[in-house]
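Student: Here it is, the structure in full.
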Amino acid sequence: MSTTLGGLVLRSPVMVASGCGGTGRELAAYADLARLGAFVTRSITLDPRPGGPMPRMVETPGGLVNAVGFDNPGLEHFLATELPWLVSQDVPVVVSMAGASMGEYADLARRLGRAPGLAAVEVNLSAPDALGGGVFDVREPFQAAGVVSAVRRDLPRGLPVIAKLRADVFRAVETARAVAEAGADAVVVGNALPASLPDGRPGGLSGPAIRPLALRCVADVHAELPDLPIVGCGGISTAEDARSFLDAGATAVQVGTALLHDPTTAARLVAELAPEGAPTA
Amino acid sequence: MTAAPAESPRPLGPLHVRALLLTTRKVGAYHHLTLSAPGIAERFRPGTFVALSVGAGDAAYRTRLARRSFWVHRVKPTGGHGLTIEIVVEAVGPGTRWLAGLGQGAEIDVTGPLGRPFSLPKESPDQKQVSCVLVGHGHSAAPLFPLAERLRERGCAVTLVLSAPDETHLLAALEARRSARAVTVVTGDGSVGLRGSLEAHLHGILERAAADVVYACGPAPLLHAVALTAEAQGAWSQVALEETLVCATGLCHGCAVPVVGEDGAPRTVRACVDGPVFRGDRVRWADLTGVDA
């Protein structure tokens, strides 16, 4: 069984969510990457980012609040040292990108468009704390659409653009429509939601605690935009969770926080969601 | 039973297994848990650690999602269960209290061994015995015991320095004498050994041992003092950092350590996969502890 997502062919509907698979090498100890639907990188910025101060992640019942602050080595270093290895793993590699300005998004797209082996780009339009993280604030649907057009314009035609949206019940449909019109081939519905760390710093809440919110948004977006491919993301830990997102209209799902508690989750979900009789991981 | 796929691309990499709790012993302020964790003991090297999940049953229905990381204090064979690992738990929060309260036969999800181990001194060409001083505070001394054994096997002179606020928080001082040539104990209240802070005694201890290498594990300010004192005496230092880890497997980038790379450039690395053991002179201590010294 394969899943098609805006032109991207996936061997499994289970993808690794941005920011929860390390550089890929760490996850490879617990999952055969080649069996995954796709590997999405942590968000890569044009320049290196040291990330935020400690603590960066705090446990809360059923979830984690994170303020990692876009810790990444910058595009150039990523292209030289991380992407080639990922591409060699025979898994569709989706690079998540975040920019400080429209210009940066265009720059990222232009340079990623020339990177060999890339399967798609994911535009992070839903950072829980965009201003604190120093990335372009895309609170309004027109801003999200602007970023997607800038990215689309600078990428080769055949390379899918996936827009990652916030599971905001009041804005999700409107934002999904705007980015689809701007050229997004698919949307990820669900990201860590704006929250606070116990010390008051802004962060993002992820994990099972936000699953019902993400599920609601997936259902709403699918009801209004039935032709738009959707990836459900938010607190998915079991095959049953994944099926509820697929039943609500998602074409694929992303697993994130669950991997931080049990790094074998992705491999297990791939096996459990494979059709009967198919070889399992 | 959850287990990593058999065909791991890193044959000696970590495993994720369901471990069986064989025994729990209360010793002073700590609980010593002995676990049968198939494959993990065989892969263990001193300085690597294990991450435990809090909560029984199916991982997907647990509410405490951060892992709890522990040094491997001992690896020993037992009849029927092969090699087992022993960890030291101080019950201070909900996760550690849950672990300390578990009875024999409980099942715990364990991932490991994780992280980079201590580097061992190279065989010296002139047959000079390498003098190693191992410094640990409280339960953080746990990884130094298997390290001491390994160093002795390689013919190093091993001095073990254990510190604690008081006797109940002193880890296994009696057993320490089995694996080290000399054992020095420092307690804050003077209930055993030297009185006062370890930092105050550090210079004299390293000087007397004519330390070539200093290994340390404990709170960051102690590790910083060790790194500075070692450097002042021309010794190498290897420090095992105890950052709070969430995933402990390198996936989340939540455990930042400011270091200086070999190229001299400052960067941020992950304690769990790029450490937890670092060369003392590579850590940017002021950025880590917020104290400029």
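Placement of Cβ uses the backbone N, Cα and C atoms for every residue, glycine included.
A TrEMBL annotation is a machine prediction, not a hand-curated record.
So TrEMBL lists these for the protein:
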BINDING   A:SER18, A:ASN124, A:LYS164, A:GLY207, A:GLY234, A:GLY235, A:GLY256, A:THR257  FMN binding site
BINDING   A:ASN124  substrate binding site
DOMAIN    A:2-274  domain 'Dihydroorotate dehydrogenase catalytic'
Student: Identify, in sequence order, the binding-site residues in A:SER18, A:GLY207, A:GLY235, A:THR257 that approach chain B with a C-beta to C-beta distance under 8 Å; the answer is 'none' if none do.
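Tutor: Listed binding-site residues meeting the cut-off: A:GLY207, A:THR257.
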Student: Consider each pair of residues in A:SER18, A:ASN124, A:LYS164, A:GLY207, A:GLY234, A:GLY235, A:GLY256, A:THR257, all listed by the record as binding FMN, and report the largest Cα separation in Å as a whole number.
Tutor: 18
Student: Could you say which of the binding-site residues A:GLY207, A:GLY234, A:GLY235 has its Cβ with the most other Cβ atoms inside 10 Å?
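Tutor: When each Cβ's neighbours within 10 Å are tallied, A:GLY234 tops the list.
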Student: Who sits close to A:LYS164 (FMN binding site): which same-chain residues at least 6 apart have their Cβ under 8 Å from its Cβ?
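Tutor: Correct list: A:SER18, A:SER96, A:GLU122, A:VAL123, A:ASN124, A:LEU125, A:SER126, A:VAL187, A:VAL188, A:ASN191, A:CYS233.
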Student: Only counting partners 6 or more residues apart, tell me which same-chain residues put their Cβ under 8 Å from the Cβ of A:GLY256 (FMN binding site).
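Tutor: Set apart from A:GLY256 (FMN binding site) by at least 6 residues yet with Cβ under 8 Å, we have A:VAL16, A:ALA17, A:SER18, A:GLY19, A:CYS20, A:SER206, A:CYS233, A:ILE236.
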Student: Given the binding-site residues A:SER18, A:ASN124, A:THR257, and counting only Cβ atoms in the protein chains shown, which has the most within 10 Å of its Cβ?
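Tutor: Result for the most crowded candidate: A:THR257.
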